Amino acid sequence: MLTWLTGSPTHPPALLPLRSSPTFIILTVSTAVFTDIFVYGIVVPVLPFALTSRSAIPPAQIQTWISIFLAVYGAALLIASPICGWLADRSSSRRLPLLCGLLALGGCTVMLCIGSSIAVLAAGRVLQGFSAAVVWVVGLALMVDTVGPEAVGQVMGYVGLSMSLAILLAPLLGGVVFAAAGYYAVFAMAFGLIVVDVVLRVFMVERKVAARWLPEREGRTPHEAVATTTTEKGVELKDVELADAGLSTADDLKRQSTGPQPQAQDGQHTNTDLPHAAEQPSNEPSSKRATSLPPIITLLSSRRLLSALWACLMQATLLTAFDSILPLFVRNTFHWTSVGAGLIFLPLVVASFFGPLVGWASDRMGPRWLATSGFALSCPFLILLRLVERESLGQKALLCALLGFVGVGLTLVLTPMMAEITYAVDARARRLPPGAFGKNGAYAQAYSLFNMAWAGGCLVGPLLAGLVNQRAGWGPTTLILGVVSIATAVPTAVWTGGSIWKKRRSDREAAEGADVGPSSRI
C-alpha cells in the first residue's frame, strides 16, 4: 500500500530523484529549523496571558514563572543534545530521529495549547527542548551527510537564514494574531506549519537510502563525505575510499616505503586556513589513547573545536542579549508599542539573508578571517549604541543603522562557525585510525556540542545584559557587549581553521625548503 512512498526491492519510491536531491533535503531541514524556532517564538507573547487567565498566576509572579519556563526549556535542550548526538551517530538513519522529534514538537504544541496548569505547561516546554535538540543535532548532521564538507558553509547559510526569519516573524505574528483572533488562533498557525513540516520529513529520502535504486547517488558515511585530494608536505592524501575498506591509504603506503617525508617543494605548502586542510598526523600512542575514549570526549580534546564552540556561545550571547534590553529600551526612550518593539529587531536579522553568500565565501576562503572580522566589526557598533539616548528621528535612524552593522558582524560569525564544526571534526578524524568515530562518524555529536553552546549563549545573553542594564544602564551594557565581542575575536583568529602558529611555522618551513632548491640536493 505504501510502496509508492517507501519503495520496494524492485520498485523505487515515487519521485525518488526529487525527494533525495540535496535541494529537497536542505529545504526539509531548513523548514524543520524554522518550524522549531517559530513554535518556540509564538508562545512568547501568549505565555503571560496563559499564566494569568488560564493558570491563575498572580501578575506579580508572571516574570518569575516565565524565567522558570525559559530555564526548563534550556535545561531540556542541554540534556537532550548530547544524547541525541550519540544516538544519531549510531543510528542507521537520520530520518527516523527527525520523525521522532516531530512527534515531540507536535506533543509540546498540544500541551501548550490546551494546558491550564503549571505542570502541563512546564512539561510542554520540556518536550519543546527535546524537539529542538533533535532538529538541530540530527538535521545539521544530515545536511553534512548530504552535501559533504566542501559545501557545508553555504548550506549552513540557509539554516541561519531560516533561524533568523523565525526569530523575527514568530513573536511579531504571535502578538498580532493573538490581539486580532485570540489564543487558539496563535496555535492554529503552529499546527499548520507542523503539517507542512510533517509532509516534508515523511517525503524526504536520505541519499544513502536512495542509492539502492540510484547508484549515482551512492550514500557516503561522514568520514567518506569528501573524496578530496589534499597535498600535505608534498604527499598526496587520497584515503577516503581506502579507509572505509580498511586498507592502507596511499599516505600510509608512502610513509612505510619511504620513511620520513621531505619538506614541501615549490608551490606545495599547507594552508590551514582552507576548510579542508589536513592537520598534522599525531603520533601513534596518542591516537590509540584517543580511540579508547568516547568520540565526544575525543572531540572536546580538540582546541580548534573548543574555540569554535566558544565563538558560537559568544555569538548567541551577543544576539540574544538584545532580547532582554532592546524592547525595554525603545519603550522607555521612544515610547513605542509592542509592535515597534518587535520591528526594531529587523535591522539585526536582515543581514542573515546574506548567510548563504557568507557560507559560500567560507567554503572557499576558510572561516578564520570571516568570523574574526565579524566579531571585530560588531565591537565598535555595539559600543556606539550608547549614543542613542533621546527621542528624535535622527536617534531612531542611528539606532537602526548601528543594529544593522551589528547584524552584519554576527552574520559573518554564525555561518562560518557552524561550518567550522564540520571542518574541525574532519581534521580530528584525519589524526585518528580509520573508523575511530564509528561508521557514521561524529558529526551529530559535534553538532550536539554546538547546540549546547548555542543554548548556553541563549541563557547567558539575556541574563548578562538584563542584570547589567538593571544595575548600570544602557551605556555600560553596550560597552560590556562590545568588549565581549572584541575579546572573542582573539581566540577565533588564533584557533579557527587550525592553530595559526602551526600554519605560520609550516609556511615558513615550506618557504625554506623552496629556497634550498634542487641544486643543493644534488
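Note that Cβ sites are derived from N, Cα and C of the backbone, with glycine treated the same way.
TrEMBL has this to say about the protein:
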COMPBIAS  256-273  compositional bias 'Polar residues'
COMPBIAS  280-290  compositional bias 'Polar residues'
DOMAIN    25-500  domain 'Major facilitator superfamily (MFS) profile'
REGION    251-290  region 'Disordered'
TRANSMEM  24-50  transmembrane segment
TRANSMEM  62-84  transmembrane segment
TRANSMEM  96-120  transmembrane segment
TRANSMEM  126-144  transmembrane segment
TRANSMEM  156-178  transmembrane segment
TRANSMEM  184-204  transmembrane segment
TRANSMEM  308-330  transmembrane segment
TRANSMEM  336-357  transmembrane segment
TRANSMEM  369-388  transmembrane segment
TRANSMEM  400-425  transmembrane segment
TRANSMEM  446-467  transmembrane segment
TRANSMEM  479-498  transmembrane segment
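Against the transmembrane segment (336-357), stretch 156-178 has more CB pairs under 8 A than any other of 24-50, 96-120, 156-178, 308-330, 369-388. Residues 5, 15, 19-20, 24-25, 27-28, 31-32, 34-35, 38-39, 42-43, 46, 95, 98-99, 102, 105-106, 109, 112-113, 173-174, 177-178 of the same chain sit 6 or more residues outside the transmembrane segment (184-204) yet have a Cβ under 8 Å from a Cβ within it. The transmembrane segment (126-144) makes contact with the transmembrane segment (446-467), as judged by at least three Cβ pairs under 8 Å among residues 6 or more apart in sequence.
Mean model confidence of the domain 'Major facilitator superfamily (MFS) profile' (25-500) amounts to 80 (pLDDT, 0 to 100 scale).
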